[in-house]
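*Asks:* The structure is given below, and queries will be raised subsequently.
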Amino acid sequence: MPAKKRTRKTVKKTVSFSDDTTLTTHQNREKKNVDHDRPPVYVRKTPLMTFPYHLVALLYYYVFVSSNFNTVKLLSFLIPTQVAYLVLQFNKCTVYGNKIIKINYSLTIICLGVTFLLSFPTMLLTILFGAPLMDLLWETWLLSLHFAFLAYPAVYSVFNCDFKVGLWKKYFIFIVVGGWISCVVIPLDWDRDWQNWPIPIVVGGYLGALVGYTIGAYI
């Protein structure tokens, strides 16, 4: 009988370099340190808590109560109510790492000044999008102030969360998109007072902010 051939098992050879192992371990430690130093930031999915009830009241006042759509007076109501919304609602839903950040009252005041300054680049962008420059410059700046202070809670959160801009930019986008969509009613030949610049854009910005702060946590 022919002798059976023995099959030899192939042994996989592995080579380990201590320098590579040390480098991998060091990179893993660095990643853990980065995660510890820059914990994740998110807004809790609590629409009843993040819903900006005050914007509904302000819109109702502006459209149905105020005389001649007083944009200046509306702004004087917007600023304090946005601060109250940040302190009482929005900040309590913002989680940094594993904890809710306590409100920084000095930072709220600083961010009021920052938001005011943001109205100037906002005005420039509004003009680039086609806003009137010479004839209605005051109205255009008022619109920019409204847009800037509608984003005030997001501006504060950028400063209070180590400048994590990516999370908060969606709130700016909602405001801009709301104002941009509302432009369609201006050229219509209806001859209504509410078609005058910048009334429709103000209303659109408020509606955009209303939607953004309500569903922003889900996006």
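Glycine is treated like the rest: Cβ placed from N, Cα and C.
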*Asks:* Going by the topological domains annotated in Swiss-Prot, do LYS99 and TRP197 sit on the same side of the membrane?
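*Replies:* That fails: Swiss-Prot puts them on different sides.
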*Asks:* So which of SER16, SER67 shows up as phosphoserine in Swiss-Prot?
*Replies:* SER16
*Asks:* Find the member of 109-129, 136-156, 171-191, 199-217 that has more C-beta pairs under 8 Å to the transmembrane segment (46-66) than any other listed stretch.
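*Replies:* The stretch with the most contacts is 199-217.
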*Asks:* By DSSP, how many residues in the topological domain 'Cytoplasmic' (157-170) are helix, how many strand, and how many coil?
*Replies:* 10 helix, 0 strand, 4 coil
*Asks:* For the topological domain 'Cytoplasmic' (157-170), report the average pLDDT of the model, please.
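*Replies:* On average, pLDDT over the topological domain 'Cytoplasmic' (157-170) sits at 83.
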*Asks:* Using DSSP, break the topological domain 'Lumenal' (192-198) down into helix, strand and coil residues and give each count.
*Replies:* 3 helix, 0 strand, 4 coil
